[in-house]
Amino acid sequence: MGRKSLYLLIVGIFVAYYIYMPLPDNIEEPWRMMWLNTQLKTAEKLAAFVELLGLHHIMDSLGFAWGFYEVPPTSDENVTVTETKFNNVLVRVYVPKRKSEALRRALFYIHGGGWCLGSAASHSYDLLSRWTADRLDAVVISTNYRLAPKHHFPIQFEDVYNSLRWFLRKNVLAKYGVNPERIGISGDSAGGNLAAAVTQQLLDDPDVKIKLKIQALIYPALQPLDVDSPSYQENAHFPFLHKSLMVRFWSEYFTTDRSLEKAMLSRQHVPVESSHLFKFVNWSSLLPERFIKGYVYSNPNYGSSELAKKYPGFLDVRAAPLLADDNKLHGLPLTYVVTCQYDVLRDDGLMYVTRLRNAGVQVTHNHVEDGFHGAFSFLELKISHRLIKQYIEWLKENL
């Protein structure tokens, strides 16, 4: 074997080692998934290196890369797409072109991205909104919101809430031909968090007379108190959302001070005076038995009060909808929750399903045994189209 061939062999081995990762047997299209993960992993590592050099915040670099996947608001043969502002918040509006004699239903959608990344203009969200509007014959509002690290909680929550309240005004609904009794809200990941949070907030808002008919939450992030549940442990290194990245997203939502991130990873961020909140996120009592799998719940290591005083957002129900008490949950609308087996956020969704049902809320729970975080967004994969079809079918029946 010549020297050149040896070098090529060594390089090939390193490339294969970098790309390959063992995946569960029930994962569809494993090599395609590995390739997508390689691209994301490379972008994350490059962004982390740039941050280490002190040149750019990691989320700013990732956001710059994400911007290349944005598309203009272009109408097609089925849907008219426009951009406008609802109470100074930029939104995209998708309206079916076919005539409708009756008022249409509407879906208010909130994109994911860890409160740091993404927009309604992202290619995958644009397509999801088009498909939903066309197949559901519905008006779809896809809202933006200001992002971390430039903006922190409660800015993201307030942007979404203000945008939603604007949309729910009678004159705005009339403008878009929307039936005020058939309005739903939905979001994925961080967008699922915001959807759950604003839906809870609406219950206490005397100025909003029009109520939501349904909420559809796609692998939502619902609490930052315990990031050591079975799903966080099982999927700590699984693509496309590993534990350390999710904790970084949570931390960035509240502050750029990385002491919060470190405290969260060591389970020392919640002060003892807030210990009563753990009853709302105690997975040992809220998870179905098959998801516990012999994991033993351990009491948290309480931290000092300093972090909670500086960054109280991580204990705020508007950031952590799982912290809502049962009386609040009781008033929530018909709910659809998607959880994925290979997702650090799986247990957040599972616990919310249990708590909602215990509070008397009607819930349809779609647990995807071969699913993973981001399965809705990677349109290159077959699973994405399968899940979107199930999602739209549920909306068609219930909205």
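Glycine is no exception: its Cβ is also placed from the backbone N, Cα and C atoms.
The Cβ of Ser189 (active site) lies under 8 Å from the Cβ of Gly112, Gly113, Gly114, Ile218, Tyr219, Pro220, Ala221, Leu241, Leu345, His373, Gly374, each of these being in the same chain and 6 or more residues away along the sequence. The active site feature in TrEMBL is assigned to Ser189 (among others).
Less than 8 angstroms from the CB of Asp343 (active site) sit Tyr219, Ser231, Asn235, Phe238, Leu241, Gly371, Phe372, His373, each of them six or more residues away in the same chain. According to TrEMBL, the active site annotation covers Asp343 (among others).
If you look up TrEMBL, you'll see His373 (among others) marked as active site.
Annotation comment: TrEMBL describes 107-265 (among others) as domain 'Alpha/beta hydrolase fold-3'.
Annotated domain 'Alpha/beta hydrolase fold-3' per TrEMBL: 315-376 (among others), in sequence order.
If you look up TrEMBL, you'll see 6-23 marked as transmembrane segment.
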Problem - For the domain 'Alpha/beta hydrolase fold-3' (315-376), the mean pLDDT of the predicted model - result: 97
